[in-house]
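Take a look at the structure below.
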Amino acid sequence: MRRAIFPGTFDPFTIGHYSVVKRALTFMDEVVIGIGINENKKTWFPTEKRVEMIEKLFADDPRVKVDAYDCLTIDFARAKEAQFIVRGIRTVHDFEYEETIADINRKLAGIETILLFTEPELTSISSTIVRELLQFGKDVTPFLPEGMKID
């Protein structure tokens, strides 16, 4: 079985994230969405809420699992018996950062990272932008996967 983890904070999960998962499922048997817990990072939504929102989104697809973790990503990948890490790339800066991390993960754990370039129409969408819009009371529906609601 080809299993990948898709790690991130997902605060919140956007249509860009959704696109990465759907595209990864075209060549993976299973994708585990790993919500990293970082006590030093202030989040808009509690971890449990993010897990719940993403689980609801993929409730009809048994190939997608959702779990939170508070360890190194490579340790989470090992715990989930994943052979791959999937990451989305929006910019050159993202690529340079992810390339370095992918190299370290390969050297430390033998885990390959698959970089998926964002679809052009989604490159400007980020969780940071969505949180800023929420802060000012704006409707963020166009930036969320269909059916996802933010309370």
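Glycine is treated like the rest: Cβ placed from N, Cα and C.
Under the heading ATP binding site, Swiss-Prot lists Thr9, Phe10, His17, Gly88, Ile89, Arg90, Glu98, Leu122, Thr123, Ser124, Ile125, Ser126, Ser127, Thr128. Sequence annotations record features per position, and here Swiss-Prot assigns substrate binding site to Thr9, Lys41, Thr73, Arg87 based on sequence analysis. Per Swiss-Prot, the feature site 'Transition state stabilizer' maps to His17; the stated evidence is sequence analysis.
Structure coloured by features recorded in Swiss-Prot.
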| residue | record | Cβ within 10 Å |
| --- | --- | --- |
| Thr9 | ATP binding site | 18 |
| His17 | ATP binding site | 24 |
| Lys41 | substrate binding site | 9 |
| Thr73 | substrate binding site | 21 |
| Arg87 | substrate binding site | 23 |
| Ile89 | ATP binding site | 18 |
| Glu98 | ATP binding site | 17 |
| Thr123 | ATP binding site | 15 |
| Ile125 | ATP binding site | 21 |
| Ser127 | ATP binding site | 20 |
Closest of Thr9, His17, Thr123, Ile125, Ser127 to Arg87 (substrate binding site), Cα positions, binding-site residues only: His17
Among Thr9, Phe10, His17, Gly88, Ile89, Arg90, Glu98, Leu122, Thr123, Ser124, Ile125, Ser126, Ser127, Thr128, the record's ATP binders - longest CA distance, Å: 18
Euclidean distance between Cα atoms of Ser127 (ATP binding site) and Thr73 (substrate binding site), Å: 20
Alpha-carbon distance [Lys41 (substrate binding site); Ile125 (ATP binding site)] in Å: 20
Integer Å distance between the CA atoms belonging to Lys41 (substrate binding site) and Thr9 (ATP binding site): 9
For Lys41 (substrate binding site), the one of His17, Glu98, Thr123, Ser127 that lies nearest, given that the binding-site residues are compared by Cα: Ser127
